[in-house]
Amino acid sequence: MDKKIINKLSIALYEPRIPQNTGNIGRTCLAFDFDLHLILPLGFEINNKRLKRAGLDYWKYINLELHESFAHYSKFINPSRIIGFSKEGGIPLSKIEFQSNDSLLFGREDLGLPSHVKNKCDFMATIPMPGKSNSKNDNGVRSLNLSVACGIASFCSFNCLNHVEH
């Protein structure tokens, strides 16, 4: 029997561009009992068939909030912490002590989070990538897919707060 989730979190997407990523992230949110916040403008219509296909038949069950701007989102979730995610320069994900009601904020697939949004976050986090490209390794990856990054962060934050046995 599943335990009731006491320490709830949320995922927020800043101006997402790709409907399939957003659909997959919505499904991940439902699996972890997270709320999903979408900060407008979106790069697609909210009734996009690719969004709903990626979210399968779960899309109608997702606790979804649409926000007209970052300011609206941050006011809506206040006093929760906003943890921004970036491909570099943040606190490693494994070092973060998550708190109930934290909101994990991810940027656009093409541009990430703009600096004015990063500056409003309580702090920035990063998912370490040993295979990341750098000056010595041109064969590595530049970044993770948005839905993959959200999945990793969802599992780590949920596990940290709810002490799930693996």
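Just so you know, glycine gets a Cβ as well, placed from its N, Cα and C.
Ser143 is the residue from Ser143, Ser147 that TrEMBL records in the S-adenosyl-L-methionine site together with Gly107, Ile127.
Site extent for S-adenosyl-L-methionine: among the recorded binding residues Gly107, Ile127, Ser143, the largest C-alpha separation is 14 Å.
The S-adenosyl-L-methionine site, placed at the center of the C-beta atoms of Gly107, Ile127, Ser143, has further neighbours from the same chain whose C-beta lies within 8 angstroms: Phe85, Ser86, Lys87, Phe106, Gly112, Thr126, Leu144, Leu146, Ala149.
Across the domain 'tRNA/rRNA methyltransferase SpoU type' (9-153), DSSP classifies residues as 49 helix, 34 strand, 62 coil.
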